[in-house]
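As written in TrEMBL, here are the features:
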REPEAT    115-145  repeat 'PPR'
REPEAT    146-180  repeat 'PPR'
REPEAT    208-242  repeat 'PPR'
REPEAT    311-345  repeat 'PPR'
REPEAT    448-482  repeat 'PPR'
DOMAIN    527-618  domain 'DYW'
TRANSMEM  628-649  transmembrane segment
DOMAIN    697-952  domain 'AB hydrolase-1'
Amino acid sequence: MISSCVPVSVGANPTRLLSDERTTLSQVRQIHAYIIKTNLVTHVLSVTKLVNFLSRSSVPYDAISVFAHALSCFHDMRGIEFFVPPTLKACGKSCALEEGKQIMGFILKTHLWNDPFVTNSLVRMCLELGMVELARSVFDKMPKRDLISWNSLLSGYVKAGQIDMAREVFERMPQRDLVSCNTMIDGYGKHGLCEFAEEVFMDMGVRDVVTWTSMISAFVLNHQPKKGLRLFREMLSLGVRPDAPAVVSVLSAIADLGFVEEGKWIHGYIFSNKILDNYNFIGSALINMYAKCGQIENAYHVFRSICHRRNVGDWNSMISGLAFHGLAPEAIELFQEMERAKLKPDDITFLGLLSACNHGGLMDEGQFYFETMQIKFKIVPKIQHYGCIVDLLGRSGCLGQALEVIHNMPFEPDVLIWKAILFASMKHNNVVLGHTAALRAIELAPQDSSCYVLLSNIYAKMGRWDDVSKVRSMMRKRGVRKIPGCSSILMDGKVHQFLVGKAMNVGYNQSVLSKLEEVVCKLKSEGYEPDLNEVFLDIEECEKESQLILHSEKLALAFGLSSVPEGVPIHIVKNLRICCDCHTFMQLVSKIYNRQIIIRDQNRFHHFDKGCCSCRNYCFIKKSMLCLLGAMVIPISVALVVILVGLVYKAIKPPAPKICGSIGGPQVTSPRVKLSDGRNLAYREFGVPKEEARYKIIVIHGYNSFKDEALAVSQEVIEDLGIYFLHFDRAGYGESDPHSSRSVKSEAYDIQELADKLEIGDKFYIIGMSMGGYSVWSCLNYIPHRLSGAALVAPFISYWWPCFPDNLLREAFQMLPQSDKWTFRVAHYAPWLFHWWMTQKWFPSLTLTNMLSPDDIEIVKSLSELPNTAQERITQQGEYESLHRDIMSAFGKWEFGPTEIANPFPDNNGSIHIWQGFEDRIIPYTLNRYISHKLPWILYHELPHAGHLFLFKKNECESIIRALLLSPDISE
């Protein structure tokens, strides 16, 4: 055993101590002091041993200091070539660029330049410091090159990712050895060139275990797990004993394939050959394999069995495995156990934890751990962590918050993040946002077929079949092929695969189809109805059902029901995400046939048992119970509905509208344009002629108003700026025809068509007052490409927008009169009852128009009183078609929230303004202020003494127009 201090006698042998592997760094420092004290600094062997030890230690820079001191003490250059190479190694390890360059200059001036041992070390140092071009320059000028020189440069190019340069060096090598070929196989594999790696492998006459391991790893990395597993079997048959990295690679291949029996055999091989004791990553590879093969219990058993030597990777694999199976509470509990064990988590730990919260629908917990990793553990989130949070928020329906995360993260969103938004949009029926996300995803990954398929599905949902055809044509032109759904079952050592619409082994096609037909008939008798919304094809309903029934996982299930013994779970692996209908189908089969079904799809595991799924239907519409109870509930429901309709029909039915221009209806006195759906919109133009105008503004009136209420702007300002104004009656108001399907969305398309019919140009400005504000939001979401700018003046707020914090929304809602609260609730939750509600005398009437601030009262007094005939013209086609539909549209269900809207002017070629009065008693300033805070590209103007009607004040109105047209950067 080495003494804690070095003997100081002249007979001490420091070189022996420096050669001993048990020598500690503190002892080396004592040896260093001893060498200096005894003047052994000029002893070549002692200095070489000391530099060599320090270059391998945790303080490699100390080796450079020793070298510099020794160099100053040497009287001649004999023996210096022995400790220059370890000094160069120390420069590379400690990133000592300047010192490395100085030593290189020293080498070039001495005889060391002719020593291949030194020059090879110089090449390796340059590569270690990332100076690949300098390393190549040194290599090209070397007076002598050997095989080590070529291999060093080859390895450097591979590590630097310059695979083309590596190939050039490999082909120029005068001779190659195992190291050369193994390096090239590894490089090709890591850069997606598996066919070239295989070519090198096949040309090799002699192979070692590293060769086999590199080739197996190449197959696994390039998503060819079957080839990797086949090569591993061949390796064993030739008597080559696999090393730990080979075992880790083959376990990864088995995990990808889901072949648990193969995995169990490898586990036994590891145990019998004691490989687990010699390699840290075996444990995490076994845990990962069992988790991905659907046996989370075995994964947990492995995790517990290695308790005496667990590392962070083992904890990470177990947490990720639990997440993959949707066991979020268990994953969180394991993380807490990890904290109690005083083990520091890393970024992969939190990636698994966030994934668990995502799959479990634990939004609050996910946000908590996202903050914890940054605040408590000082871990900077990577784009994968942001992706988990975006996916979690999106699945939970918080699309506005998800977009906010994307906006604030320090990365450009990648294709996975846009696909997460895309899936969430599809789930929550936000086709507009989904359309945007699909286009961004295709832009980032033009060869990813799933992006095109989802875009096509969005168009199909919207009934835009021409666009569906265009997407398919685009795929053909770009050579992008849709990945067909494929499901597989491993039975008796044989893989049985099923493609959508057929079995890959035609030998049992008919038996599988017959069994599937039997299962479908039985499920239909229990209330199952295929979800035809999952078929995005323009075909007949019967054809859609046929398409749906032949999904690959249903075919695999039919085979499993016929072939897998009862009591044994049916394991299915699918290459894509399971659809909603198949998910429901599996739940029903597990209940009716009393079978356990385990499906691993592209994202996670689904364990079906007794009609329930481990995912708790978080990813899907909960319709399975409706299917099971449908046969009983539907007849009773129909009877109740018929009775109820008979009783209340007359009470709730709104009166027929009095259409302008129809027999018995009001006369048409204003110019109107005919829209594509046959409706007419009345309009009024004033200002400079549109052909001469520099600015064209469409004005959107508010609640209980119409086109003839002009803006308080002087003729001088109009002519000075060259403004053309277009006022129009919104649907049902004044002389514009009612719209039976009026919605937030229809407002934008009415405005767009009006602009096109009147040929005012591709771009225009819009100003919306009060209730007209939701029309502006509609334009910003659905037709942002048509806008030059927009102003929202005291804009409408919906108390059902999900973007507001609960406390802020609750406070604002409580300020409303009780009657208005109920009016808005009815408009949101029961619009079919709204007309009846508004016509009941014992209910207080809507009081919004009476909630005026002192400033508003003064404005009303200063305005000339609106003639009764004009007031009657506002609602002349019926209050239901004008006022009631306006409220129902505004407070009804929206396809988007304002905070989900993207900046329409990212290049600052336009501006969006919100003008809000601090004393406004109709629209709470706190909510519009919050929206502007969440959308920093909106210019927010809060007027301290203004109420709701400040647009009718001349000075304020002209300021709004000037800010919109001339000063996009003004903000008050």
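Quick reminder: no glycine exception, Cβ is built from N, Cα and C everywhere.
Each residue in the repeat 'PPR' (115-145) gets a DSSP state, and the totals come to 23 helix, 0 strand, 8 coil. A Cβ distance under 8 Å defines the sequence-distant neighbours of the repeat 'PPR' (115-145), meaning residues of its chain 6+ beyond its ends; these are 81, 84-85, 88-89, 91-93, 95, 97, 100, 104, 107, 152-153, 155-157, 159-160, 162. For the repeat 'PPR' (448-482), the mean pLDDT of the prediction comes to 82. Sorting each residue of the repeat 'PPR' (146-180) by its DSSP state yields 26 helix, 0 strand, 9 coil.
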